[in-house]
C-alpha cells in the first residue's frame with residue numbers, strides 16, 4: 001500500500017495548484033493605486049516679492065491684497081501659504097449615518113435612532129449662518145481604516161486595503177496631520193487608535209485606545225469624554241481629533257433599531273451640546289461620520305445607507321457661504337474634507353488629495369484669500385497629476401494631459417477675477433473640474449494587472465482540465481497502479497526543482513517577483529506532468545468513454561453544477577444564489593430519488609424539501625434583494641430571543657443525543673462538547689447570564705473538541721466510516737459554537753440535509769455487482785450534488801456574499817482573543833470557521849459518500865476503497881475549483897461593471913474562501929480514511 | 001386491422017395536438033390583448049383555467065370516441081357518477097401534491113398561496129387531467145408511477161410526453177424569476193405559468209409534426225400491398 005499516501009499527496013498538490021492560482025488572480029485583481037510620497041509645500045507670503053514671484057529681485061512695498069493678486073497672476077508659481085488660520089476641532093463619530101442627524105417633529109413614534117440629535121436642528125434654526133449640515137458621501141469600501149485614510153489624505157482608498165484592516169500600517173502619503181505638524185502646528189488625538197497606528201509620533205498628546213472590542217460600547221467614549229473638555233479649554237493645539245466609537249459598536253452589536261443605539265445617540269447629543277457651549281467662537285467644529293451603516297448595523301460595502309454619512313460644521317463667529325450652500329443635506333464628497341481642513345488650518349491641501357474646497361464650511365475670508373485657496377487647490381491637483389503620470393501609466397497620457405491642460409487654463413483665469421460673482425462662478429467651475437479629475441482617477445484606480453489575472457485563469461483552467469480528465473477518464477481499476485507508480489513523486493520533485501530554480505534566479509536578481517514566478521512555474525510543470533500521465537493512459541480513457549453511458553440524472557447533476565457556476569456571471573443570480581442553489585439541489589435530488597424509484601426515496605426527497613424550506617427562514621437578506629430588505633427581514637439579532645435559545649439548544653442536544661449512538665465510543669466526546677456548547681449559550685443568555693462563565697464554558701467546549709480531534713487518529717482497524725462520522729460531528733459542534741445559538745438550528749438543518757442526501761446516494765440503483773455499485777457511488781453526479789449542497793449550506797446558515805454580512809461576534813464568544821499574543825490568527829480562524837465551517841464539514845464528509853451504507857465501498861478491499869474515496873474527493877474538489885474559476889472569469893469580464901465591488905468581488909472572495917475550506921476539509925477527510933484503512937492482506 | 005387502428009390513433013393525435021396548438025396560443029393572445037396576462041396568478045382569472053378545462057374535456061371526448069365496442073361496453077357497465085367523483089378526488093390530490101412540490105422547490109411558504117394554487121391547478125389540468133380522462137384513475141396512477149408501460153399506444157404516449165414537457169416548461173420558467181429586470185411578467189407565478197403553457201404547446205407541436213410526418217408516410221405506403229393483392233387475384 002505504498003500508494004496510500006500518494007493519493008493524499010496528490011490531493012494536497014491539487015489543492016495547492018487551485019489555491020495558488022486563486023491567490024495569483026487576487027494579486028492581479030485586487031490591485032491598489034500607486035502611493036506617492038510627495039508632500040505639498042507652501043511658501044509664506046513674506047518670501048514673495050511684489051511681482052508675485054518667489055525670492056524676486058523686485059524690491060518695494062505692497063500690501064497683502066496686492067501681493068496675492070500678483071501671486072495668483074503667476075500660474076506656474078509655487079503654492080503660497082494663506083496667512084489666516086483657525087483652530088479646528090474634528091469630532092469623528094464612527095458610523096454617524098446622515099438620517100441619525102435629521103430631526104423631524106412630525107414623526108409620532110420615532111425609531112430608536114430617529115430624532116436623537118436635536119442639538120443639530122436647534123443650532124441650524126437658531127444660527128443658520130454658523131451651522132451647516134450636509135450629507136457626507138463616503139466612497140466604498142466603507143470600513144473605518146479606509147475612511148480614516150481617505151479623510152486624512154483626501155484621496156480614494158482602494159479595495160486591497162480592506163484586507164489590512166486588522167493591521168493598520170503607517171500612512172506613507174501626505175496628509176492633514178503631517179501638514180499641520182510641518183508648519184509647527186500641533187495636533188491632539190483622542191479615541192480610536194486607528195489614527196495613531198496610521199500616523200504614529202505626530203501628536204502633541206495622544207490618548208488612543210484599542211478600537212476592535214466591538215462589543216464594548218462605552219470604554220473608548222468615556223475615556224474621550226474624560227479628556228476632551230480639558231483639551232477644549234487649552235489652546236496649545238491647532239487640530240483636535242476625537243474619534244468616538246460607541247455608535248459604530250452599538251450598530252455592530254445590536255443594529256440601529258435597538259435602545260442601545262438610542263442611548264449612544266443621546267450621549268452624543270449631550271456631548272455635542274457641551275462641546276458647542278465650550279467652543280471658543282473662532283474655533284471650527286466639524287462633526288463627521290466616516291460611514292453609515294446598513295439596517296443590520298454593518299458596513300463595508302457600497303450601499304447608499306453605508307455611504308451616506310453626516311457632516312456637521314459649526315463656528316461661533318460664522319461661516320462663509322450663501323444661497324444654495326445653506327441647504328441642509330446637500331451631498332458633499334469625503335475627499336473634499338482634507339483640502340478644506342488644511343485650508344482652515346492655513347495649509348495647502350495634502351499632496352494626494354483629489355477634493356475641492358468646501359467654501360461654505362470655512363470661515364468668512366476675503367476675496368483674495370479665497371482665491372488663493374482655490375488656486376492652491378488647483379496647483380496641488382495639477383502637480384499630483386503630473387507626478388502620477390510620471391510614476392504610473394494607469395491613466396492614459398492623453399487623458400491626463402487633457403486634464404492638466406484644463407486645470408492650467410483654469411489657473412490662468414484666476415488673474416481676471418474681480419467681483420464676488422466672478423469668484424462664485426470661478427469656484428463653481430473649479431468644483432466641476434476637480435470632480436471631473438476625481439472621477440477619472442476613480443475609474444482608473446480599480447486597475448487590474450491583467451497579465452497575472454490571465455495567467456492565473458490559464459493555470460486554473462489547466463489544473464481543472466487535466467484533473468477532470470484524470471477523474472473522469474482513467475478507469476477506476478487503474479488508479480491504484482497509477483498512484484503506486486512514480487507519478488506523484490516525480491511531480492513533487494519537479495515542483496521542488498522549479499521552486500529551487502526560481503529562488504536561485506531571485507537570489508541572483510534575475511527575477512523580481514518570486515511568488516508570481518513560483519506559482520506560474522509550478523502550475524505549468526504540474527500541468528505538463530499530468531498531461532504526460534493522460535497521454536500514457538489515453539487508451540484506457542478512450543475505452544472508458546467509448547463504453548460509458550450515463551443516466552439522465554447523472555448528466556443533469558453535472559449540468560446543474562455547470563449552470564450554478566455559469567450563472568455567477570450574472571449579478572441577479574449571485575444576489576439570489578441561495579434560492580437558485582436550493583432549486584438546483586432539489587431537482588438533482590429529485591431525479592436521484594426518481595432513479596431509485598421507491599417510496600422511501602420519495603420520503604427522503606420530501607424531507608429534503610422540508611429541510612430546504614426550513615432553512616429559508618435563516619437565509620439572510622442583502623440590500624439588493626429589495627423586498628425582504630424593505631420589509632426589515634433579518635433585523636438585528638444582537639441578542640437572540642428566548643424561543644430561539646430553546647430551539648437552538650434543543651436541536652443541538654437532540655442531534656448530539658441521536659448521533660452519539662452511531663459513532664461508537666467517540667460519541668461521548670460529542671455529547672460532552674455539545675452539552676458544553678448548550679450550557680455556554682444558556683449561561684450567557686440575557687441580562688441574568690454570566691458572560692465570564694459562558695466564556696469559560698465555551699473554552700471548555702473547544703478543549704473537548706481538540707481532544708476529539710486528537711482521538712480521531714486512534715486506529716481501531718474497523719474501517720474509516722466511524723472516524724469520518726465522528727469528524728463530521730466534531731466539525732458540526734464547532735460550527736454551532738461559532739454560529740451562535742440563533743443560527744445553530746440552521747447548522748442542524750444542514751446536517752439533516754447532508755444525512756438525507758447520503759441516504760439517497762446510498763440507495764442509488766446500480767447494476768448489481770460491487771464494482772458497478774462503486775462506479776455509481778463515485779460518480780461525478782454525486783460529487784456535484786454534494787458540492788451544490790455544500791454551497792447552499794453557506795446561505796442556509798444565514799450568510800451572504802457581502803462584506804457587511806461578515807459577523808464578528810464569533811471571534812469574541814470565548815473571550816477577547818486580542819488580549820493574547822496570537823490574537824489575530826485566532827480571530828481570523830474563528831470568523832472563517834463561522835463563514836465556511838459548513839464547507840469544511842461537507843468536505844470532510846465526502847469519503848462517506850463512497851463508504852456509507854449497505855452497498856458502500858466499506859466492504860471491498862482497501863485498495864479499491866481508497867481509490868474510490870480518492871476519485872470522489874478529487875471530483876468534489878474539482879466542483880469547487882470550477883465554481884471559483886467561474887467567479888474569477890466573471891470578475892474579469894465585469895471588471896468595469898457598476899456592481900463589481902458590491903457584488904462580484906465579494907462573491908469571488910467568499911467563493912475563494914469556500915473553495916479553500918472545502919479543499920482543506922476534503923484533504924482532512926481523505927487523510928482520515930487513509931489513516932484508518934487496514935493494510936492490504938496479500939493472502940486474500 | 002392493427003395498421004388501421006394505428007392509423008386512426010395517429011390521426012387522433014395529429015388532430016388533437018393541432019387543436020391544442022391553436023386554442024392555447026389563442027387564449028394567451030386574447031388575454032394579453034385584454035391586458036390581463038399579468039393577472040393569471042389571481043383567482044379572478046380562473047376563467048382561463050375553466051376554458052382549458054372545457055377544451056381538454058372536449059378533446060378527450062374526441063380522443064375517446066373510439067370505434068372499439070368493447071371499451072364502450074366496459075364504460076357503460078361502470079358507475080359514471082362514482083367515476084366522476086373518484087376522478088375529482090384524484091385531481092384534488094394531484095393538485096395538492098403539485099402545490100406542496102412547488103413550495104418545496106422554492107415558492108413562498110406563507111404567502112402567495114393563491115398564485116401557487118393557480119399554478120398547481122394549471123399543471124394539474126395540463127398534465128394529469130387529460131391522462132385521467134383518457135385512461136381512468138387506476139391506470140393513470142399506474143402510468144404516473146411507472147408501474148405500467150404504455151407500450152405502443154400513441155395517444156397515451158402523447159399524453160405522458162405532454163405532461164413531462166409541461167412540468168419541464170414550468171421548471172425552466174423559474175429561471176427568469178431572480179433576474180433584476182423588474183418587469184411585470186417576472187412576478188410569481190407568471191413565468192412558471194407561461195412556461196408550463198409553453199412546454200405544453202411545444203410538446204403538442206412536436207407531436208403534431210411527428211405524427212403528421214408518420215401519417216403521410218403511411219398513406220404513401222398502402223399502394224404496395226394493394227398492388228400485391230391484385231396480382232394474387
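Note: Cβ is positioned from N, Cα and C throughout, glycine not excepted.
Per TrEMBL, the features are as follows:
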type	residues	note
TRANSMEM	A:7-30	transmembrane segment
TRANSMEM	A:482-506	transmembrane segment
TRANSMEM	A:518-536	transmembrane segment
TRANSMEM	A:556-575	transmembrane segment
TRANSMEM	A:581-614	transmembrane segment
TRANSMEM	A:696-713	transmembrane segment
TRANSMEM	A:720-737	transmembrane segment
TRANSMEM	A:743-762	transmembrane segment
TRANSMEM	A:774-795	transmembrane segment
TRANSMEM	A:835-854	transmembrane segment
TRANSMEM	A:866-893	transmembrane segment
TRANSMEM	A:908-931	transmembrane segment
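When Cβ-Cβ distances below 8 Å are used as the criterion, the transmembrane segment (A:696-713) is approached by residues 666, 669-670, 672-673, 676-677, 679-680, 683, 723, 726-727, 730, 733-734, 737, 813-815, 928, 931 of the same chain, each at least six residues removed from its ends. Of the ranges A:518-536, A:556-575, A:743-762, A:908-931, the one with the most Cβ pairs under 8 Å to the transmembrane segment (A:835-854) is A:908-931.
Taking Cβ pairs closer than 8 Å, the transmembrane segment (A:482-506) reaches residues 2-3, 6-7, 9-10, 13, 474, 512, 514, 517-518, 521-522, 525-526, 529-530, 533, 537, 867, 870 in its own chain, all 6 or more past its ends.
The transmembrane segment (A:743-762) makes contact with the transmembrane segment (A:581-614): 3 or more of their CB pairs lie within 8 A, with pairs spaced 6 or more apart in sequence. When each of A:518-536, A:581-614, A:774-795, A:866-893, A:908-931 is scored by its Cβ pairs under 8 Å to the transmembrane segment (A:720-737), the top-ranked stretch turns out to be A:908-931.
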